[in-house]
Amino acid sequence: MNKTLYLFITLLILTFATAKRCGKDVGECDEGECCSKYGFCGKSKMYCGSGCQSEYGLCD
């Protein structure tokens with residue numbers, strides 16, 4: 001497997017593995033974080049962009 005692809009996949013897994021959950025059954029994100037459409041808290045466009053859940057955190 002290409003080393004770059006392996007690194008990308010590893011970083012992607014770690015990002016979601018360490019992200020706090022949010023949403024209807026879980027609750028809100030910490031102050032200053034967005035709740036993604038998939039129910040994870042974070043601060044990047046992936047969390048704050050399209051589908052962001054404004055009821056549980058900030059959104060763009």
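Glycine is no exception: its Cβ is also placed from the backbone N, Cα and C atoms.
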Selected from CYS29, CYS34, CYS35: TrEMBL disulphide partner of CYS48: CYS34
Cross-link partner of CYS41 (disulfide, per TrEMBL) out of CYS29, CYS59: CYS29
Integer Å distance between the CA atoms belonging to CYS41 (disulfide bond) and CYS34 (disulfide bond): 5
Cβ neighbour count (within 10 Å, all chains shown) around CYS41 (disulfide bond): 23
Taken over the domain 'Chitin-binding type-1' (19-60), the model's mean pLDDT: 95
